[in-house]
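Down below is the structure, laid out as structure tokens.
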Amino acid sequence: MAAGLQARELEDVGAAGGETGDLVEIWARVRARLRAEVGDAAFRSWLKPLTLIGLHNGQLRMAVPSRFMRDWLNSNYVDRIQMLWSEEQPTLVGVEIVVRPPARPAAAETPAPANAPSNKSAPGEAPVVEVPTGLPERISRAEPEQPPLLEVDDEAERCRAISASLDPRFTFENFVVGKPNEFAYAAARRVAEAETAPFNPLFLYSGVGLGKTHLMHAIAWQIRHSHPDKRVIYLSAEKFMYQFVRALRTKDTMAFKEQFRSVDVLMIDDVQFISGRDATQEELFHTFNSLVDDNRQIVISADKSPSDLEGVEERMRSRLGWGLVADIHPTTYELRLGILQSKAEQLAVPIPEKVLEFLAHKITSNVRVLEGALNRLVAHATLVGRSVTLETTHDLLQDLLRASDRRVTIEEIQKKVAEHFNVRLSDMYSARRARSVARPRQVAMYLAKQLTSRSLPEIGRKFGGRDHTTVMHAVRKIEELKATDHAFAEDVDLLRRMLEG
Ligand SMILES: Nc1ncnc2c1ncn2[C@@H]1O[C@H](COP(=O)(O)OP(=O)(O)OP(=O)(O)O)[C@@H](O)[C@H]1O
């Protein structure tokens with residue numbers, strides 16, 4: 001029998017069949033039945049975190065770590081729990097679920113379990129029978145006590161260790177704003193400057209290399225600057241998973257949960273990484289619930305919108321979309337030029353405006369590639385001590401320029417032209433010289449020269465192994481015809497626009 005139990009409470013426990021241990025046994029049986037009824041996934045999400053506090057006046061008291069969970073259990077499971085429990089103990093009057101958030105550990109202390117029993121009751125409330133410590137782990141505690149996760153005692157140190165990888169260049173000041181990213185930028189700034197979470201979570205998404213990570217780091221820098229006392233954790237979803245798995249392996253899950261659930265701002269980058277990783281998703285889900293309940297800010301980034309995240313559970317996707325979802329659109333010419341001008345300004349080497357315009361026009365894939373191109377020009381100029389010109393740019397960036405040209409292939413051009421002039425695709429490579437097939441073939445060669453960076457011999461090879469002089473002749477012929485035949489010129493321009501998309 002647990003020490004410190006009052007006579008009145010003993011009566012209640014007695015009604016259960018004699019000993020506090022009976023309560024625990026009943027709970028174990030009820031849990032087993034619930035698990036069989038609802039299945040493993042729902043059980044792990046909603047019922048496993050439920051812990052028994054005790055019984056008073058026929059009222060069963062249980063605890064969960066967050067309000068969100070309590071509400072969910074009240075709407076979905078509490079009646080069933082009561083029914084199953086009543087079958088074991090007909091004197092049961094009701095079931096009450098209370099919130100017991102995980103207590104924050106003092107620095108250099110081993111954290112207490114989130115649901116560690118406490119003998120304190122709310123003022124004016126009758127004390128409740130507490131399940132004493134020393135009961136089987138699986139019943140009385142979510143996790144065993146463990147030393148802190150990163151072997152760093154001080155919690156602030158732990159946060160710093162996780163966020164150590166913030167890039168000093170990724171600040172709001174260095175972020176160039178244009179139409180495609182103004183909404184995401186404004187949302188990020190608002191989160192960084194607000195005293196309390198204005199929308200939760202902030203979900204940023206875009207294609208590769210368009211500035212999600214930059215904005216996340218910028219939020220972290222800004223908060224660090226204006227609220228140095230706030231605990232901010234920034235990490236990739238991959239790292240979150242890695243730490244979670246390590247915590248499982250070393251049985252450090254309590255410290256893990258504690259660490260993530262006690263921050264002021266949690267930022268997780270590239271959340272698409274958790275696709276198909278069920279245990280990590282579940283942990284993240286509970287972390288989110290706990291933080292949102294406490295009004296702590298969460299910022300997430302991904303390469304897709306929440307609803308398009310395949311391999312991510314429905315409840316998680318809906319959770320991710322609850323706050324503000326902001327996407328960054330592909331760059332425009334103006335934004336690319338703005339970014340290049342801003343980066344060029346920071347470099348010691350002068351870059352002619354013509355070169356920046358050329359790059360902004362040619363390299364459209366993403367900002368990372370654009371930056372890479374600029375860095376390559378600067379590195380070359382610095383090494384050989386020669387200034388950057390349009391010519392050196394062409395030479396140095398051949399591969400990049402070709403890669404971005406690859407958006408239109410010669411095969412696509414041949415197919416489109418054949419369709420347009422109603423000839424067979426094979427006529428693009430055949431030896432037939434009849435005007436009805438030779439002219440479309442020449443148009444295709446001309447467009448291949450205009451729309452790709454392939455050389456004349458390369459183009460010739462793609463057209464049935466023709467010589468480069470044949471391609472040159474075709475290009476000249478089409479230019480002549482365009483200059484003299486207006487309808488023909490329009491036809492060719494239309495094809496060009498269709499191919500350029
Ligand atoms: N608007 C912008 N202004 C200045 N730099 C930018 C801008 N957008 C992107 N960048 C730069 O482009 C590079 C790639 O951006 P970032 O890493 O943030 O992209 P991402 O969307 O997170 O990419 P990934 O999908 O690969 O994670 C970074 O160096 C970043 O500073």
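The backbone N, Cα and C atoms fix where each Cβ goes, glycine too.
Because TrEMBL annotations are produced automatically, they should be read as predictions rather than curated entries.
As recorded in TrEMBL:
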type	residues	note
COMPBIAS	105-123	compositional bias 'Low complexity'
DOMAIN	198-326	domain 'AAA+ ATPase'
REGION	165-381	region 'Domain III, AAA+ region'
REGION	382-501	region 'Domain IV, binds dsDNA'
Could you tell me the mean pLDDT the prediction assigns to the domain 'AAA+ ATPase' (198-326)?
91
When DSSP states are grouped into helix, strand and coil, how many residues of the domain 'AAA+ ATPase' (198-326) land in each?
67 helix, 24 strand, 38 coil
With DSSP as the reference, give the number of residues of the region 'Domain IV, binds dsDNA' (382-501) in helix, strand and coil.
90 helix, 0 strand, 30 coil
